[in-house]
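According to TrEMBL, the protein has these features:
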TRANSMEM  30-49  transmembrane segment
TRANSMEM  70-89  transmembrane segment
TRANSMEM  101-123  transmembrane segment
TRANSMEM  144-169  transmembrane segment
TRANSMEM  175-194  transmembrane segment
TRANSMEM  254-273  transmembrane segment
TRANSMEM  294-320  transmembrane segment
TRANSMEM  354-380  transmembrane segment
TRANSMEM  400-419  transmembrane segment
TRANSMEM  425-447  transmembrane segment
TRANSMEM  454-471  transmembrane segment
TRANSMEM  546-567  transmembrane segment
Amino acid sequence: MASSVSNLASTVATATAAALEDLHFSLTDYIVFSLMLSASAGIGVYFGFFSKAKNTTEEYLQGGKRMPTLPVAISLVSSQLSGVAMMSVPAETYSFGFNMIFVVWAMVLAVPVLIYIIVPVFYDNNVSNCYEYLELRFSKRTRQLVTVTFILNQFLMLPVFMFVPSLAFSQVTGYNIHLINTVVSSICVFYTMLGGIKAVVWTDVVQGGVMLISVVLVAILGTSNTGGITNVLENAAEGGRFDFSFGIDPRLRLTFFSGIASGLLMWTGKLGLDQSCVQRIVSLPSYGHAKKCLLMAGVGFLLIMSFTCFTGIIMFAYYYGCDPIQAGLVSKPDKLMPFFIQDIMGHMMGMPGVFISCVFSASLSSLSASLNSFAGVVYFDYIKPRINHSEAKANATMKLVIVVMGAYCIVGGFIVQNFNSIIQTMWTITGINMGAVVGVFCLGMFVPRCNAKVAVSGIAFSCLAMLWIIINGQMNFKAGLIKYDPLPNGLDQCEAKGFEVILNAIRNKNVTSIGTTAVSSLETPKELTTAFESNRDFSIYDTSFYWYKVLGALLVFAWAIPMSYVWPLDKEEKQNPKLYSPFVRSLLNKPSPVLELEELPLKTPLSEEQIKEKENGSAAEA
């Protein structure tokens, strides 16, 4: 048995290598890719050496609060569309269906929440760092606790941002993935360090244009090669990719309710309560500019991400009945996108280079924005209080922080390469604390009776509870009690479709039964939670990772509301109404209701004793 498995693995590896010889980068692709990187580096050089601007922290982190609206909006869109989105979102819809679109369209709800509830608070209090708000509303300890979670998140997530596009580049060129990661991360660190927020925004504009062109081209060419939109929709429907789930069981992997709820919380948290985005929003001259910016960013995000989601459906329709993953040509869904691009666009001069540039553009925009905001938070929260501050010293220190963090991202790639599902890993990691962070901001803006002690203990309670739930959930995964198998595909139509590359892999060794052999040889538990159903008794540890952020935020309120009665506000403590969301202020400032004459209580007649007392009092005064 072991020998046959070894032979099978060897055969599949040989077939994969042979297939990838036909799928390669041309000289034109390398030129296209190099131009994109050169443009990004050139923008950094311009703002670092030639732009006439003051060498101040406000200029470096906020562009002097004179940033134009449209570029900032494009920058916000670009930074939300990391390489993870470009690679893993199509892989998600390919494997598990189109329910991911609910997460994307939650942005329709998130934009009004940001415009009318959250962002006005930052402008009214003139804060440049969103964590500064927590110090104003609660205490310095609250701010420090949340910035620690921000820093930990960056340490966990930044290596992922650059590793995913390096994975794509390695898939189509054969170059060592860590060499690619080192070169491109270094270029990103270079222009971010030199140019500050202006370089971040204007490189995002270039990279956003590349992304938009790429996803539209992939959607058009993929649909055309599949035989038109009708074939795409028919194949996807037959393969169950349009079976939308409206179940309320939180153990189901992704449903309408978990998608909308988690998407709303995630986009609110990422765009409105994460310093990498807030820093750009408050760099605009006024709140009016911020409103326009968020509206434009919302529309742009929905456009690009809807195309990206649908690309996974197009991929499935194209490979319906001839799955490259089952054939052994692609090791996991996260690697499928570059394979698909080379398959449909490899013969077109420069097109694979455009797509790989798109994936790298998405990751570079996320990484540069995160590095810039990370440097600002580390300096102002942890370094500035301990040194003699000067503008020159501040800028030099922040640049050094960016370089150190860039080096860490390169080393972190060696760990990220062991992840199976990138998108699941990201949602799980951020599920530990992102819900708590969003929860404490909302607590500050919506619940005036909560004080610093309640806020700090609420964050701690939420993070510890989520850590416990996630660890036990991962143990259930390891024990085989939770298993997210994708929707089925097959290899029965490869010959009819004339997919020679996949057929060559199959002819070398009949791999049709790879999946069934692996499943049948393992003892699967009778009681199991899958992506689409569960026959186990309910356990919170089986909750889908898409609910983690929502659960984290709810835990903050579940702790804080009761504890606000145990630890009430000091009666002498004055509340600044500007620290609350506009609709809460309107409730606090509501005048007492004016009573009509009929509603006033009638005076009761005085008793004889009261009359005598009143007369005696009058006589004494006389």
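Yeah, the Cβs are placed from backbone N, Cα and C, and that goes for glycine too.
Long-range contacts of the transmembrane segment (30-49) within the same chain: residues 184, 187-188, 190-196, 198-199, 202-203, 206-207, 210, 350, 353-354, 356-357, 360-361, 364, each at least 6 residues beyond the stretch ends and with a Cβ under 8 Å from a Cβ of the stretch.
The transmembrane segment (454-471) shares more Cβ pairs under 8 Å with 546-567 than with any other stretch in the list 70-89, 144-169, 354-380, 546-567.
The recorded stretches the transmembrane segment (354-380) and the transmembrane segment (101-123) do not share 3+ CB pairs below 8 A when only pairs 6 or more apart in sequence are counted, and are therefore not in contact. Residues 69-70, 73-74, 76-77, 80-81, 85-86, 89-95, 98, 100-101, 104-105, 107-108, 110-111, 114-115, 119, 208, 211-212, 215-216, 218-219, 222-223, 225-226, 231-236, 238-239, 241-242, 271, 281, 336-337, 340, 343-344, 489, 493, 499 of the same chain lie 6+ residues outside the transmembrane segment (294-320) yet bring a C-beta within less than 8 angstroms of a C-beta in it. Highest Cβ pair count under 8 Å relative to the transmembrane segment (425-447), across stretches 101-123, 144-169, 400-419, 546-567: 546-567. Residues 37, 40-41, 43-45, 47-49, 162-163, 165-167, 169, 200, 203, 360, 364, 367-368, 371-372, 399, 402-403, 405-406, 409-410, 413-414, 417 of the same chain, all 6+ positions outside the transmembrane segment (175-194), place their C-beta atoms under 8 angstroms from a C-beta of that stretch.
Using a Cβ-Cβ cut-off under 8 Å and counting only residues 6 or more beyond its ends in the same chain, the transmembrane segment (400-419) has close neighbours at 154-155, 158-163, 166-167, 177-178, 181-182, 185-186, 188-189, 192-193, 367, 371-372, 374-375, 378-379, 425.
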